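S.K.: Below are the features I grabbed from Swiss-Prot:
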CARBOHYD  ASN66  N-linked glycosylation site
CARBOHYD  ASN302  N-linked glycosylation site
CARBOHYD  ASN328  N-linked glycosylation site
TOPO_DOM  1-8  topological domain 'Cytoplasmic'
TOPO_DOM  26-366  topological domain 'Lumenal'
TRANSMEM  9-25  transmembrane segment
Amino acid sequence: MWPLSHRHLCLAFLLVCVLSAISFFLHIHQDSFPHGLGLSVLCPDRRLVTHPVAIFCLPGTPMSPNTSSPCPQHAASLSGTWTIYPDGRFGNQMGQYATLLALAQLNGRQAFILPAMHAALAPVFRITLPVLAPEVDSRTPWRELRLHDWMSEEYADLGDPFLKLSGFPCSWTFFHHLREQIRSEFTLHDHLREEAQSVLRRLHLGRSGDRPRTFVGVHVRRGDYLQVMPQRWRGVVGNSAYLREAMDWFRARHEAPVFVVTSNGMEWCRENIDASKGDVVFAGDGQEASPWKDFALLTQCNHTIMTIGTFGFWAAYLAGGDTVYLANFTLPDSEFLKIFKPEAAFLPEWVGINADLSPLWTLAEP
């Protein structure tokens, strides 16, 4: 009986291999077969909203900051292979991940991330998109598409089964209709969340020693932006006057707030942010090579003050609550405004405080 059983096992193994090969073939070439999944099926309540910068508002985009009504997901209908180049720093890659996920779902495609993006984000978040093996990446007949930084109608009807996206998208107009799913993807690992909450639990207001009632995360972007903004983009970073006004905005609206300051320029913050009221804590470590500790702190706060940059955007987006941001931080003729649309960058309910552009006028004088 042994030869018969052995033969049966071999036949069963061959059958499994054949079925697996057929399944893989159908997944890769599913786009060649009629599946009839248009936008009317994916999102039957699809609405277009006219916007001054041609922003395409996706179905289910919530009007209030803490709700979400995503399009129905049809996991079984996903076909093809989409990915995105991982480029830039931590916040850039978060934007690329969220945009890839949203656009792939909208177009009925399977999204994959490349190993470099997985290495950047997986140690921090519970991300779920599968990783594309390098050998598959190198052999796939990609069409490449560079995205601009706001959702456009043409992005909702991309017919390419093998698409590699690029660019630095970080606009709520791509993914806000999936807000709860995005927040789930960017859930901190337990040890990072617990460490951040432990830091916040130890904070006390300086004058009274009382526990704070409200935690306001403050992210001050400095570093390379000190040169890039004025020299390349004719813009500024947040100064001490802006931060003082933003903090006063929260002091007027929230009882006993404490401001948890993080930055890649902590020395400047200690010298230029007024901490005399006892409600400012310089908590960030400013380590750009390992930014997740600062990021975790910011997301565990109730509200956010941001200056510029994708790191601050994502901290505010995940924290929820009120957000104050630096508005109009470039001159009107800046080339930056060709690639950056404020309406698409900042949620409508966020509060903007205009930047002081006088240093730029001084630089422009002969």
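For all residues, glycine too, the Cβ spot is worked out from N, Cα and C.
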S.K.: Between ASN328 (N-linked glycosylation site) and ASN302 (N-linked glycosylation site), what is the CA-CA distance rounded to a whole number of Å?
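M.R.: On Cα coordinates alone, these residues lie 25 Å apart.
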S.K.: Just to confirm: which same-chain residues, 6+ apart in sequence, have a Cβ under 8 Å from the Cβ of ASN302 (N-linked glycosylation site)?
M.R.: THR214, PHE215, VAL216, ALA319, GLY320, GLY321
S.K.: I'd like to know the mean pLDDT over the topological domain 'Lumenal' (26-366).
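M.R.: Here the mean pLDDT over the topological domain 'Lumenal' (26-366) amounts to 86.
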